[in-house]
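A quick write-up on the structure given underneath.
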Amino acid sequence: MFPMITGFMNYGQQTVRAARYIGQSFMITLSHVNRLPITIQYPYEKVIAAERFRGRIHFEFDKCIACEVCVRVCPIDLPVVDWKLETDIRKKQLLNYSIDFGICIFCGNCVEYCPTNCLSMTEEYELSTYDRHELNYNQIALGRLPMSVIDDYTIRTILNSPQIKNK
């Protein structure tokens, strides 16, 4: 008889605990009732990227000294740096620089450790394409500055977004 009574007591405690959990989750749901949705009509409205957003990498060919620090600090050895040694001036001459954004993890190590600041992160994040070989950017494509979202008159930027206010 005693095991049956303790079983009913445990059942009662479990019922109270379950009701408390349901009540807590219901209160969380009610706290979100007055909030506005954060839906953005993507092609026509865009949220301005944060200040430290890690988008496409911009490369300045004239500043690069072909030191290959970017390759050494990259966790996947991604940047391809081709250079030749100029014997008369005893310096490296950069021939080609490319990054495959299909493989890049956008960690920003190459930008952070570059001694000449020839690499920088842009706000461009629309890199989608149908052919993955188009994601391999050479020094010409990397040197192209992205069109700013703010300057594009066809896109309405979302400045009063709750996501921006929280950051």
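Indices start at 1 and increase along the chain as displayed.
A Cβ is built for glycine as well, from the same backbone N, Cα and C atoms used for every other residue.
Cys74 is the only one of Cys67, Cys74 that Swiss-Prot places in the [4Fe-4S] cluster 2 site (with Cys104, Cys107, Cys110).
Cα separation, Cys74 ([4Fe-4S] cluster 2 binding site) to Cys114 ([4Fe-4S] cluster 1 binding site), rounded: 11 Å. Other than the site residues Cys74, Cys104, Cys107, Cys110, same-chain residues with C-beta atoms no more than 8 angstroms from the centre of those residues' C-beta atoms, the [4Fe-4S] cluster 2 site, are Ile57, Cys70, Val73, Pro75, Ile76, Leu78, Pro79, Ile99, Ile105, Phe106, Gly108, Asn109.
Counting only same-chain residues six or more apart in sequence, the Cβ atoms lying under 8 angstroms from the Cβ of Cys107 ([4Fe-4S] cluster 2 binding site) belong to Arg54, Cys74, Pro75. Per-residue confidence over the domain '4Fe-4S ferredoxin-type 2' (95-124) averages out at a pLDDT of 94.
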